[in-house]
Each structure stands twice: as C-alpha cells, then as structure tokens.
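S.K.: Okay, handing you the structure first.
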Amino acid sequence: MLVKDVMTSEVLTVEEGVAVAEAVQLLRRHKVKGVPVVDAIGRVCGMFTVKHLFQVVADGGKLARPVRELMQREVTVIRDDTSLEETCGFPQKRLPVVDAGGNLVGMLTKSDIIRGFKTTFVHARQELKAVLEATPHGIVAVNPQGYITFVNPAAEKILRLKAERVIGGDVSDFIPNCAVIGVLATGRAIRNFKNTINGTTYLGHAAPVMDGSDIIGAVASFQPFSEIESLADELGVVKQLYKELDAVISCSYDGILVTEADGAIRKVNAATVKLLGLAPSQSAGAGEEGRAHQLGERVAAKVCQDRKPCSISCRINGRQVALTGTPVFDENGAVVRIVTNVRDLSELSALRQELEEVNRLKEMYFSELARLKAEVATTSGTYRSAEMQRVYDLALRVAVVDTPVLIHGESGVGKEVLANYIHDGSARRDGAFIKINCAAIPETLLESELFGYAEGAFSGARRGGKPGVFEIAHGGTLFMDEIGELPGSIQAKLLRVLQDQEFFKVGGSRPVKFDARLLFATNRDLEAEVKAGRFREDLFYRINVVPLFVPPLRERPEDIVALTAEFLAKMNCKYKTDKKLSAEIIEAFTNYPWPGNVRELINVLERVVITSRQEFITLEDLPGNFRQQAHPSAVARGPVLPLKNVLDMVERDVIEQSLRTAKSLRQAAKALGIDPSTLLRKAEKHKIRTGVELPQQPPYIFNGKN
Ligand SMILES: Nc1ncnc2c1ncn2[C@@H]1O[C@H](COP(=O)(O)OP(=O)(O)OP(=O)(O)O)[C@@H](O)[C@H]1O
C-alpha cells in the first residue's frame with residue numbers, strides 16, 4: 001500500500017505572505033493544529049502550527065506579521081508513491097505529501113497511517129484464510145505450549161474432527177509424535193518428517209513462528225505420502241521420457257529444430273548445428289539472433305498460418321536444405337511448439353547418385369558373373385535342367401570356400417565333372433587336381449597310395465620312398481572317389497589326418513603337413529552305411545560338411561537332349577562322320593532310364609555312330625533291349641492305377657503318337673477316327689502342343705550342330 005492510497009487529499013494551506021491573524025483564523029475554523037505554508041507558485045516552503053501562535057503571544061501579539069516570519073522553515077515532505085511501511089520511520093505527526101513534480105497533493109497524518117495498516121492487515125488476514133481453506137495440505141498451528149490454536153479444513157479431514165473439537169487441545173493428543181513439539185523446543189524447522197494419523201501416512205513440514213528471537217508458536221503442514229509417491233513416480237517417468245526424447249533428438253541424423261510459436265528456439269540438435277554451419281552460441285538459448293533463429297521464424301510463421309505441417313526449402317552453405325515444420329497444439333488448439341526437421345537434400349542426392357553407381361556396378365558384376373558361370377559351365381559340363389543349374393550354382397558358391405565337399409550320385413552322373421568344376425572355381429585352380437578311386441586300389445596298397453612310403457619302409461620299396469596323393473595334391477585338390485569303399489583301417493587313418501592336417505608316410509616317423517582341398521564322391525548311401533556300421537560316423541561328419549547331390553540322368557530329360565547333341569557332335573568329329581539322329585531316337589533316349597547315366601549315354605552314342613550304316617540313325621540301329629526299355633507304353637511304365645487314369649494315359653500316348661507321325665493335324669485326326677476339333681480339344685486337355693509347332697517330316701534331326 002502506498003502513501004497516496006491513505007493520505008488526506010484535501011489540503012489546507014496558507015500562503016507565506018498572509019498575516020498570522022488570518023492563519024490563526026484558518027486553524028480555528030478547521031480545528032487543525034497546523035498547515036503547510038506555500039510560496040507564490042504553490043510549493044511547500046514551511047509549516048505553521050499552533051506552536052507558532054504561542055510565539056506571537058510572547059512577542060506582544062503582533063498578529064499582522066506575515067506567516068513567513070514565524071513559520072518553521074525545515075519541512076519534511078513525503079512522496080505520494082512511498083510505501084506505507086516506510087512512513088513508520090517518520091517521527092512527525094503530519095507530513096505534507098508531494099507528487100513527482102514536487103506539487104503538494106495531500107497530507108499524511110498518523111491516523112491515516114494507522115487506517116492504512118488496518119486495511120492491509122484485514123486484507124492479509126482474509127487472503128491467508130482463503131489460502132488455508134483452499135490448500136489441500138492439512139495445516140495445524142500451536143502456541144508455545146503445544147496447544148492447538150488453528151486447524152484448516154484439510155487438517156479437520158485428516159484428524160476427522162471439527163476445529164472446535166481440537167482447538168485448545170494438546171497437539172500430541174491428536175497427532176502422535178508430531179514434529180511441532182521438537183520445533184517448539186529448538187526453534188528450528190523440521191522438513192520431510194513422516195506422521196501416521198488415523199492409519200494414513202503423511203509427509204509433514206513444521207516451522208516455528210518467531211517474534212524476533214522468541215518462539216511464539218509453530219505451524220505444521222501435512223500431505224498424504226501416497227500423493228507424493230505417485231507424483232515422484234510421474235516425475236520419474238517424465239524425466240525418463242525427456243531423457244529418451246533428448247537422446248532421440250541428439251542422435252537423429254536429420255537436423256531437428258524445436259521452436260516456440262514465434263520462432264524462438266527451444267532446442268537444436270548437433271545435426272542442425274552442423275548442417276546450418278552455426279557457431280555453438282547460435283545454437284543455444286531462446287531469442288538467439290542468427291541463422292537458426294531466422295529459419296525457425298520462417299517455418300514457424302508458415303506453420304502457424306496454415307496450422308498444419310509445412311515445408312520450405314533453401315540454400316545454406318552451398319547445400320540445398322529442406323525444412324519441414326510440424327505444429328504441436330495445446331489443449332485449446334493453440335500452436336505452442338513447432339518441431340522442424342532439417343534435411344540435407346544435397347547429401348541425399350549425392351547418396352542417390354552413389355546408389356545408382358553401386359547398382360550399375362552390381363549389374364555389371366552380375367552380368368560378368370553370369371558370363372563367367374556360363375563359360376565355366378560350358379568348359380566343365382553340359383546341362384540344361386534347373387536341377388543341375390542348382391547343383392552347379394551351389395558348387396560355384398562352395399568352390400571359393402576351402403571346405404570338404406561330399407558329392408553323392410549314381411555311377412556315371414558326372415560327379416567327377418562336378419569335382420573338376422569346383423577345383424576350377426577355387427583359389428587352388430592353378431594347383432594340381434588329383435583323383436584317387438578308393439575302390440580301385442587293393443586295401444594293402446591303399447595306405448601307401450594315399451600317404452606314400454618312406455625309404456626302406458618295406459622290402460622292394462623304392463629308394464628315396466614314394467609320395468602319396470596327399471603329398472602330390474599339395475596346393476591343389478584331392479578328389480577321393482568311391483569314398484564309401486574305403487576299408488575301416490584306412491577310414492580311421494583318414495579321420496586322424498583330417499583332424500591333424502598332417503599324416504605319416506608308411507614307415508615314416510616324421511609327420512608331413514598337408515595342404516589340399518578335399519573333395520569326396522560316392523554312389524552309396526553313406527548314411528545307411530554309417531547305420532550299418534560299415535562307415536565311421538565321425539568320418540562321415542568330417543567329410544559331409546557340404547553335401548552336393550547330382551541327380552540321375554533319367555530325372556533330367558532336358559540334359560539327355562543337350563548331352564546327346566554335344567556327344568553326337570564330338571563323335572562325328574572323332575570318326576569324321578556326319579551322322580544324324582531321328583526324332584524317334586531322341587524320344588527313345590528321353591524315355592530310357594539310363595541306369596549307367598551319362599557314361600552309358602556316351603557309350604550308346606559312340607556305338608550307334610560307329611555301327612549304323614546310314615547317315616540317319618534310327619531306332620533299328622539301337623540295341624534290341626534298349627529299344628524295348630526305351631519305348632514302353634505309358635501304362636507299362638508305372639504302377640497299377642485307377643482305370644480312368646490309365647485310359648487318360650493311353651489317350652495321351654495315342655494322341656502324341658498320331659501327332660508325331662501324321663503330316664498334319666487333319667491327317668492325325670483322320671487316323672484316330674475323330675474330328676480335328678475333337679483332337680485339338682483332347683490335345684489341349686493333355687497339354688500336347690499342336691499346330692504350327694508340330695514337327696513336319698522328317699521329324700527332329702540331331703546332328704549336334706542344331
Ligand atoms: N554334365 C556333363 N557334361 C559332359 N559330360 C559329362 C557330364 N556329366 C558326365 N559327363 C561324362 O560322363 C562320364 C561319367 O562322368 P563322371 O566320371 O564324372 O561320373 P561319376 O559320377 O564320377 O561316375 P562314377 O561314380 O562311376 O565315378 C564322363 O565321361 C564325363 O565326362
């Protein structure tokens with residue numbers, strides 16, 4: 001409260017030139033004991049009080065004298081904007097009050113001050129009452145003896161008693177172990193104590209009420225502990241979230257800029273600082289001048305106007321940058337924050353270019369790889385079937401890893417060809433490829449064939465000894481064919497060699513290190529051999545690191561055709577002939593089960609090329625049993641089937657046969673005694689190709705060149 005709020009604004013004054021008599025009249029008329037004296041321009045220049053009247057009387061009652069001669073010249077004035085508290089220091093009973101310009105605006109008397117303080121006190125009391133009633137905390141006040149002098153409504157609830165019932169009572173009767181007793185004893189506040197009242201735990205604070213150095217009471221406040229706990233929990237969660245958010249923002253590769261609605265910066269991450277080339281000072285604090293601030297303002301203005309995410313793009317430090325601001329609304333729908341994502345488009349486009357380049361290189365490598373694969377495939381083996389493609393793909397992949405490979409497959413399928421292919425595709429391609437057929441060597445010689453022998457190992461041994469295939473294959477590949485035939489004693493030795501990577505020559509005493517890639521092949525079911533106890537299980541697992549299976553020729557008819565073409569060409573070249581195969585032969589070849597696989601196919605071809613008299617090799621040129629097996633009826637080929645299926649198969653065979661032999665579709669239909677349209681329908685049902693693609697006479701001729 002200020003002086004101007006309590007002063008008396010109507011001021012009586014006398015001018016310094018008026019007669020004392022007139023001034024006395026004024027005092028009498030208004031029943032006041034003194035008035036300020038003002039000069040010609042209205043400024044306070046003195047005080048005239050009844051005290052000065054006594055002086056006039058003592059001087060002989062010269063009432064005509066001007067006030068100026070008698071008045072008290074030292075006058076204390078007070079500014080109207082002085083606080084009421086400050087007036088307490090003035091000893092005067094009344095003070096003229098002036099404004100900032102020094103003009104007299106009122107008088108302040110002791111009773112004005114008392115009135116002012118009374119009003120202040122009443123207001124403060126009312127406010128305190130309202131606060132105490134509104135607070136959810138229980139408040140209890142005690143006098144120095146510990147008797148309760150006040151409880152607020154929240155404390156009434158905690159105590160479950162009305163104020164009238166507790167006021168005047170000993171606080172310890174209502175609140176056991178209440179800290180206020182300690183506060184009264186020491187005069188020191190106690191914070192964060194726990195009190196259990198009516199079965200509920202409260203967190204309390206107690207403070208003394210002091211009058212100078214005297215303790216005139218104490219006040220305690222109580223708050224349910226569970227509330228504090230849940231608040232602490234919530235605070236913990238919020239802190240954790242904040243930490244996480246902070247980490248996300250800091251780690252973001254994109255720049256992130258958080259601003260107020262007016263663009264003032266709240267937060268920027270390191271990526272933004274780097275991207276915008278800001279000095280660290282520009283990155284911190286709200287209201288910063290600088291680039292980030294300007295950008296923040298630009299984005300903020302647009303986002304606030306559109307009230308939805310907006311993007312702007314600009315060039316900064318020679319980089320093209322896109323800024324996308326997203327508004328954050330408060331519960332009233334006002335934009336309170338804008339989160340702006342700052343993305344370096346130049347880097348993106350550089351990355352895109354790099355990616356395109358990598359893709360281009362990838363394409364180039366792929367096509368080069370395909371070309372090399374095709375090259376290796378043609379040098380290492382002929383195949384067209386998807387099955388063999390898979391086998392060769394896998395072989396190419398394992399070729400580069402120096403791991404043992406076990407190739408399974410029937411005799412003559414091309415296991416050795418595949419082993420060669422692996423060797424050619426490996427880093428050891430410049431080393432030797434050594435093959436040993438474990439079945440072809442007598443058991444007594446096998447050990448020395450594999451590991452060699454030392455000089456004088458046995459009678460008749462060569463001078464200087466003899467190296468075994470393990471030594472000869474050093475730096476290259478050792479292909480152990482028919483591994484399933486390896487005798488048990490040698491199996492044990494081989495296992496040791498594989499484990500130790502070294503071997504002893506027969507009769508030798510020094511171990512010899514070996515460094516060869518090992519490939520194994522078998523036409524036996526090695527797992528069954530292990531089960532039957534004929535092959536060591538531990539050795540099986542050692543050699544079966546990567547198993548490859550070469551399917552039998554009868555399961556890949558595409559390869560039969562391709563191999564036939566290739567070997568016919570080779571035979572023609574070898575025997576200087578120009579033999580051709582009829583379509584029937586191809587048909588017969590694809591139907592034949594080829595128990596001897598590719599090896600048998602080569603033999604049969606060579607035989608017919610040599611033995612056939614005509615240029616066109618026909619079915620008649622094939623051995624009788626071959627013809628028999630190669631062209632069985634569809635029904636005879638399989639197990640007993642439902643009649644409908646058998647009829648279907650017969651129908652299919654007959655239609656195929658008629659289409660193959662007839663010159664035209666019409667002729668075929670005539671031969672079958674059905675309409676051409678019926679024939680077409682049936683051919684379609686059996687997925688038999690007809691029409692222009694049908695072979696004309698002479699049917700498919702193979703001479704290895706087409
Ligand atoms: N895909 C192929 N392309 C060309 N010739 C092949 C192919 N597969 C096998 N051959 C030929 O077939 C014959 C038998 O092949 P290979 O010796 O590799 O078979 P294998 O499975 O090792 O037989 P075995 O188990 O009897 O040793 C060889 O003359 C080989 O050149």
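From the backbone N, Cα and C atoms, a Cβ is placed for every residue, glycine too.
Note that the structure is a prediction, hence the values are computed from the model and not measured.
Copying in the features that TrEMBL gives for the protein in this structure:
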COILED    348-375  coiled coil
DOMAIN    7-63  domain 'CBS'
DOMAIN    124-168  domain 'PAS'
DOMAIN    241-285  domain 'PAS'
DOMAIN    305-357  domain 'PAC'
DOMAIN    384-610  domain 'Sigma-54 factor interaction'
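Give me the local environment of each listed feature.
M.R.: Taking DSSP states H, G and I as helix and E and B as strand, the domain 'PAS' (124-168) has 22 helix, 10 strand, 13 coil.
Listed as Cβ neighbours of the domain 'PAS' (241-285) (distance under 8 Å, sequence separation of 6 or more from its ends, same chain) are residues 291-293, 295-301, 304, 316-317, 319, 321, 323, 334-344.
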S.K.: State the mean pLDDT for the domain 'PAS' (241-285).
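M.R.: 79, rounded to a whole number.
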